[in-house]
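Per TrEMBL, these features apply:
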COMPBIAS  1-21  compositional bias 'Low complexity'
REGION    1-30  region 'Disordered'
TRANSMEM  44-60  transmembrane segment
TRANSMEM  92-110  transmembrane segment
TRANSMEM  147-169  transmembrane segment
TRANSMEM  189-207  transmembrane segment
DOMAIN    293-321  domain '4Fe-4S ferredoxin-type'
DOMAIN    326-346  domain '4Fe-4S ferredoxin-type'
TRANSMEM  375-394  transmembrane segment
Amino acid sequence: MAATDTAAATDRPGRAAPAARLPRRKPHLPQPVHGHFRRLKTRLTVVFLGILFLVPWIRWDRGPGLPDQAVLFDLPGRRLFAFGLELWPQDLPIAVGLMVAGAFGLFYATSLSGRVWCGFSCPQTVWTDIFGGVRRLAHRIAKGNEAAIGPLTGAMSAAVAILTGLGFAQWFVDAPGLAGRFLGGGLPGAVYGAVFLIALFTYVLGAHARERVCLHMCPWPRFQAALLDRDSLVVTYRRTRGEPRARKRVALRPELLATPVAAPAPATATDTPQAFAFAADGSVGLAPGATLAATPAGRGDCIDCGRCVQVCPTGIDIRDGLQMGCIGCGLCIDACDEVMTKIDRPTGLIRFDAEEADPAPMAPPARIGFFRPKAMIFGGAMIVALAAVSFGVANITDVQVDVEPQNTPRYVLLSDGSVRNDYTVRLSHRLPRLDGVTASVEGMPEATLRFTSGDDGDAAEMAVGGQRSAANRLLVIQPPLRGEALPPAGPHPIVLVFHDTSTGAELARVDTRFWEPER
């Protein structure tokens, strides 16, 4: 476990002695390790960095006047371009659906395999891993020059943080021209501020706070227990196989033994093995010519080498059981398997396992149980949310027209006997170009329509002027009616039809109502 020191309480004259402070946790710098989970983390890190830095460079032709970046958050235009999709503020339910699906997907993964999100995909974990590699690279470059290690590590970490900020900014401005405009001062001040803030937070949280974010700042581990059950796979130390621990388990060379040593008795709290020691160079493994065919009597497979703690990103000891600090990265599994291989013992002393797994020392690991109530609920909710998002995306229209009848007053009775209803028309579109729309009415063949910016006639035209949205007030006028032609008082259904003024193509049909007065 990470070393701790304590601050002693002191008595001051006239003041009560302060309460004893909690042990102060020293920074933990995990050591490198090789193995299956380390390779998986490295590959996923490459994938995530590729998404961050390369996706904004993909081009997507949308026609003249529109950005050709495949994925772009256009904040001034209040829209999101994602390949063939263009999302507007009114498409917010789709974004909400994606977030809901992502949340249930996270719950589902946690119920199956513990905190795999934290261990492999969380940005804090990914960038802490990157800064750990930067630290090791700085040590290699400095070649033992202690005075140069600190400044070199700081400079390289700052460069990584700035690159991260620029990578984030690529999603909001044109990626190919970002670097030149950034260095030339041709970007808005908000972009420079965003890059600075992202770089600052990346540097502070990834290079300095590191595991403290997971242990003290992140809320996720506080409620992960509610998502797990006894069949969830979590990083587990096999106590039935590893205990009692036998420190210094590597056999000495036979020539170093003065006299034959009998099989050791069961370990006690003060028992020190006499026939076992670490190799002279400090590595863990069998001495030349020695064999270790079986565990000494009364001892487990754990040799208490501490490698599982040394490689842990948060510095916990997994042998103490599942803890809030365990992020489920599996690096302790790689470290333990490496040691078990060197001392000629089976791997799997630490592994992903379930609480309900067979406790026998050499029992096979539990399999992922997909068909469990909690997992099925989370998985089903995720599928429903994704289905709703898919339905919303499939029903996105290129032109959206909202018609709102004016209710104060509902109608206006003109001096010639005509009746007028007023409507507020709001139009937004995703077409490459739209200069204007004409409106007509179905259900009132003799009615005339007029936008406040147009003239009376059988159809009314609203200018759009190449803009993405427009709003206007539409007046629908029913001419004077006599005798039996008088409609009853109250609302009557009508349909407002909108066409492209240039092509005549129908853009939208909106059902609304027309109010008739008492006559």
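Yeah, the Cβs are placed from backbone N, Cα and C, and that goes for glycine too.
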Just give the helix, strand and coil counts over the domain '4Fe-4S ferredoxin-type' (326-346), going by DSSP.
12 helix, 0 strand, 9 coil
Could you name the stretch, out of 44-60, 92-110, 147-169, 189-207, with the greatest number of CB pairs under 8 A to the transmembrane segment (375-394)?
92-110
Across the domain '4Fe-4S ferredoxin-type' (326-346), what does the pLDDT come to on average, as a whole number?
94
Do any residues of this chain, six or more beyond the ends of the transmembrane segment (92-110), have a C-beta under 8 angstroms from a C-beta of it, and if so which?
116-117, 224, 227-228, 232, 375, 378-379, 381-382, 385-386, 388-389, 392-393, 396
